[in-house]
Amino acid sequence: MFSRIASQTARRSVKQFSMQTRLASTKPTVASHSKQITGVTAGIIGATALTYMYVDASANLADEGLHPPTHPWPHSGPLDTFDHASIRRGYQVYREVCSACHSLDRIAWRNLIDVSHTEDEVKAMAEEHEYEDGPDDNGEMFMRPGKPADYMPTAYANEEAARAANAGALPPDLSLITKARHGGEDYVFALLTGYVDAPGGVEVREGLNYNPYFPGGAIAMARTLFDGVVEYEDGTPATTSQMAKDVSTFLAWAAEPEHDDRKKMGLKATIILTSLTVLSIYLKRFKWAPIKTRKIVYSPPK
């Protein structure tokens, strides 16, 4: 009887040992296979992503336009402010050239005060335009000279009139153009100075102009800046690049009139917060130094 129980126990032990051995021998194989599968999958996904990025970039290069070069703008630094003389010249370029088609819906005359013009100059410029107002005592609308609180006038009465005057193309509003275009003022400068003849193999439809910085390469706006087209009040030579630089600075200011005040406020906030941080560290050390360095000695009773 004892011999039968012993033999059964021995057989059971042998079976369990063989099963454990079999499982142990298969675990490394499964683990190695999973690592291989993971590696192959990651390689396929990576190669597909790189191929997609390359093909997409190549296919959309003409659609997106050339990336404009970066220029060292005087206001691009963390503590730099706008060149206000350049803003004044840029407004002159906008008024004499760009305003024939484009508008500045978000800029009022008063925004120019103490930025590029004096209050008297702004009042005089606003009075050159007439605005519809009313109704009067008879319930009728009337025209009046402009005031500093009025917004700058538009070139066309409505969108349909703008398209009709520009062969179906709608001149965009320039209030936020440097925020709405990738590259900001770099894009505006590159676009204004980037008109060239179309390269071989590139066809440009009649009525369009080739500019590699414009998405698609064909733009309805013709080149508008030529040397001497504007005579600056301060005597600055009105070269094409100078006018493009000035109007780009003006449009960058128009998109962010609070730029200078924001940087001044940021500098003040940095100084205040730094001072408070140093004071807090000093008070913390002053209060906790005696507590952390004190020594507590226990003298047991004798």
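Cβ atoms are placed via backbone N, Cα and C, with glycine included.
According to TrEMBL, the protein carries these features:
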BINDING   CYS98, CYS101, HIS102, MET221  heme c binding site
DOMAIN    85-237  domain 'Cytochrome c'
Residue, out of the binding-site residues CYS98, MET221, whose Cβ gathers the largest set of other Cβ atoms within 10 Å: CYS98
Rounded mean pLDDT for the residues that make up the domain 'Cytochrome c' (85-237): 95
Cα-Cα distance, maximum over CYS98, CYS101, HIS102, MET221, record's heme c binders, Å: 11
Those residues of the chain, 6+ apart, with a Cβ under 8 Å from that of CYS101 (heme c binding site): ALA155, ALA162, ALA165, ASN166, PRO171, MET221
Which same-chain residues, if any, lie at least 6 apart from HIS102 (heme c binding site) yet have Cβ under 8 Å of it: TYR94, ALA155, PRO171, PRO172, ASP173, LEU174
